[in-house]
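Visitor: Take this structure, written in structure tokens, and hold onto it; I'll ask about it next.
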Amino acid sequence: MARYNVRDCWMVEELRKEREASQLDIEEITNFISGNEVLTARRREIYERVLSDPEFARDDRYFHSREEAFDEAARKAVHKIKLLKEMDIASQVDKYYFRGAVDEELPTQLNETMFIPTIESQGTEEQKKKWLEPAREYRIMGAYAQTELGHGTYLRGLETTATYRPETEEFVIHSPTQTSIKWWPGGLGHSSTHAVVPARLVTLGKDHGMHLFIVQLRSLEDHTPLPGINVGDIGPKFGYFGMDNGYLQLDNVRIPRDHMLMKYAQVAPDGTYSKPPTDKITYGTMVQVRTGLVLFTAHALARALVIGVRYSVVRRQGEIEPGAGEVQVMDYQTQQFKLLPLLASAYALSSTGVAMMMMFIQGSNLSVRGQIEEGNLDLLPELHATSAGLKAISAEISNNGIEVCRMACGGHGYSQASGLPHLYVNYVPANTYEGENTVLFLQTARYLNKLYSSGQPMSALPTNVCYLATDYPGHASCGVRSVNRLSDPHLQLEAFRQRARRMVGVASSAYQRALGRGLTQPQAWNSTTVDWTVAAKVFTFSVIYFITKNQKFVWLTVTTVVLKSFNDAIEAKGLSPANDVIMRKLCSLYAMYWMVQSSGEFMTDGYMTPYHISLARSLLYSLLAEVRKEAVPLVDAFDVPDEILNSALGRYDGDVYTHLYQWAQRAPRNKKKVHDVYHKYFKKLLKPKL
């Protein structure tokens, strides 16, 4: 993987000037984004090994048909498995880096991200011994077949049944309706041999709701579907051409009793059912996946910004001063307003993602996963609500941001050569998979409603929601009288908390009024879900800002683990003065942008006034001009190699136009000077004038 020295590397003059004028220590910021220099070094080591391997070349990716893309993804998947073994890559962090280096959704992906983690978290020790080693060795390959043709996020609506037969100690897995056909799971179509199948458990005549079952789909001898299994690919999609998203119809498929994952809920040989300690226990795997998606989508946004910012500096168009010559597009305030708040958001989401991921997977009994595996489930409600909101808001910001970056690149952004269409179609599904965003916001909202209506004091609530307590010492007004005062991170955090408390209160009041009008609880909830969605969003924004500014997330009830605050981390790592200043400016830019964009919510009860918002807008515009000076070094710090960007517009050297032209020359359609369509169709029309 090439790492560049500004002095030694050829680049267009516009980018060279931007980099040479900067006083930032880019390596230091890269380490800050990664978490530390050890993680940066490990990521680069894995990237270099993958990117130097010709099997993972991606130069012609944008010219592939859907079938060619699937063939290539399958080939890369097999090679990836070989490399994982050779490099002894086992940790979740290393696997995440490896996935980022490959930069492609492979048909084996769900085996790693859903099938294995589900068995790890939901299986008994005997089941782990039986299934994990074959899955880790890829002697079997698993999918997670939850979504159905007629139901997705609404788990209680799933129709697939698993009926227990005591006389044979078997479950009969069945798709009773057309809408119960499993639909969308990745790797299910033609790759997976097994699947974890969520189905409604029926035993001794009683339906106990959704539980998890392992079902073999295909023969391990010749890969043919087993009796009762109707499985295949769902057909062309918006993107993800390398992934065989599939359907699965089960016709009275019999599986042994021990194929139900029984760590928490059990069915005895005689059919007696023992319920789990909480009906939310199956959320553990989904929480882990959603936690990873925060970082996943943040990195996608970062890549789009590398392309958008570099191209906006190279591209010259129009004049600001008549006769002064064409200017860099990045010098227009409107372009800065499009891209730089997104840059601040990418830093915020990256910080959040790293904190969430490390907290969930670190190898100790203090980790969230360690707590759950030890049987302590007190963490689940808070983590489920927070991870649901964070997944939704990060997917929303990142995917909207990728599209903004594409449009900010003008016509060239529409070309596959820009790398932006590929990013968009491959990452936009994050808005709907692993939970549709609105549904996830409402899951967060239910948690907020429960806390807000409980009337508990601050001491009884988790730190990140303590401002919902009855004795929270809020303020009637922010009391700001100057732009400098508005730059105070503590005041910004308090403003976000007040906004969240206010909007939760608005939603709660509307809900209580609906109940007072005689509506049932479900009816009252449905009539106020728009307000509750807003409340969940603003709560999540405050969590992002809270984590970003203070690097603080609390695992409460059992133990409290507080990561260093953002400011403390800057000082503890001895960041250079220039880096310290720019990080604080990015935090303020993030806060001011969303404050201005949502000004009505900040002014609802007078805590902020139009005067305060005018100060925020003034600070925002000044921050745009200041961050613009360091925009190129700040995207360089994301440390995304050209090979992964795969973008003519976002190249480190900025040689945009040469590579756009060269890319067009490689198009298969241009191999013939006279295309076949001329002889087939146009020749009959195009005749010389007589």
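Keep in mind that glycine also has a Cβ here, set from the backbone N, Cα and C atoms.
Note that TrEMBL annotation is computational and uncurated.
Bear in mind that the values here come from a model prediction, so they are computed numbers and not experimental data.
Copied straight from TrEMBL:
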type     : residues       : note
DOMAIN   : 143-253        : domain 'Acyl-CoA oxidase/dehydrogenase middle'
BINDING  : Thr147, Gly186 : FAD binding site
DOMAIN   : 283-448        : domain 'Acyl-CoA oxidase C-alpha1'
ACT_SITE : Glu434         : active site, proton acceptor
Visitor: Comparing the recorded positions Gly186, Glu434, which residue's C-beta has the most other C-beta atoms within 10 angstroms in this structure?
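Guide: That would be Gly186, with the most Cβ atoms nearby.
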Visitor: How far is it from Thr147 (FAD binding site) to Glu434 (active site, proton acceptor), counting Cα to Cα, in Å?
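Guide: Between the Cα atoms of Thr147 (FAD binding site) and Glu434 (active site, proton acceptor), the distance comes to 9 Å.
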Visitor: For Gly186 (FAD binding site) and the residue listed as 'active site, proton acceptor', what Cα-Cα distance in Å is obtained after rounding to a whole number?
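Guide: Checking the Cα atoms of Gly186 (FAD binding site) and the residue listed as 'active site, proton acceptor' gives a distance of 12 Å.
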Visitor: For the domain 'Acyl-CoA oxidase/dehydrogenase middle' (143-253), would you mind checking the mean pLDDT of the predicted model?
Guide: 94
